[in-house]
Amino acid sequence: MRDSVFNCCVVPPHPPGEEEARGPRRTETMASSSAHFPNDKRFLIFFDFDETIVDETSDDMVVQAAPGQHLPGWLKDTYQPGRYNEYMQRVLAYLAEQGVTESDMRSVMEKIPSTPGMATLFQFLRARPPQDFEVVLLSDANSFFIESWLRRTGARQLFHRIFTNPATFNKDGRLVMRPFHSHDCLRCPDNMCKQVVVREYVARRTQERGRPYQRVFYVGDGANDFCPALALGPRDVVFPRRDFPMHRLITETHESMPGEFKAVTVPWASGEDVVQRLRKLVAE
Ligand SMILES: [Mg+2]
Ligand SMILES: [Zn+2]
């Protein structure tokens, strides 16, 4: 079974239905278990989730589980710039009050379409020899939305690690999200700076492996994917979704501060564009 080469040795796949009980614990287990990772991979590839793996934003899609598939105006009016996560907690509280269940939300998540060519890209990664790719998901969504989608599509086993905001249902049936970490990056929301995650992960794994990765890749779309991409070096390759905020920020940086952005930039409209470039790089 080809999938098995991507199985994390410490976090075996769980039978369906088990994830809600194990969600947060798994996040913590995974955070401390990387010492047992296979250390023979040549490449490390990071994926964002919303608008990168899936062709929507999961936080927006969950509204489809609300009565009438929309949020009341008074609730939307409580949004304050820079306070997105507090707002999302209110949305989740509202959904619970309206009787929206875990299974309602899971059904909505399971129906989100993947972005064009993403299935081809996943297939490519799965079919590579086991020593090629360590695959990591890095998202400011939450563990429940992401795990629901990945398990439904069978893509869960591709990912060695998932870094996201832990989310679990409380006794009142409300999905409660906790911040992933705290940091002092001024560019990023309080609960997550993806650059901090990327830097720490690459540094720790490099030490555990006793050598650097041949290259690091990053596939994303959003403004919060720009911060981690800034940390990558000239041998690394970032794949910003074409004409999305990450792509615009990279282009602006090249114009305003030449030399500041170091990684090679390969914009994509389809996952097949990413495959095309990876094919060349793995053949080197
Ligand atoms: Mg995104
Ligand atoms: Zn940041």
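Keep in mind that glycine also has a Cβ here, set from the backbone N, Cα and C atoms.
These numbers come from a predicted model, not from an experiment.
When the candidates ASP184, ASP190, ASP221 are compared with the Mg(2+) site entry in TrEMBL, which names ASP48, ASP50, the shared residue is ASP221. Among the binding-site residues listed (ASP48, ASP50, ASP221), ASP50 has its Cα nearest to the Cα of ASP59 (substrate binding site). In the three-state DSSP reading, ASP50 (Mg(2+) binding site) counts as strand. Among the binding-site residues ASP48, ASP50, ASP59, ASP140, ASP221, no residue has its Cβ under 6 Å from any atom of ligand 2.
With respect to ligand 1, the binding-site residues ASP50, ASP59, ASP140, ASP221 contribute ASP50, ASP221 as residues with a C-beta closer than 6 angstroms to one of its atoms, given in sequence order. For ASP140 (substrate binding site), the same-chain residues that are 6 or more apart in sequence and have a Cβ closer than 8 Å to its Cβ are ASP50, THR164, ASN165, PHE180, PRO189, ASN191, MET192, LYS194, ASN224.
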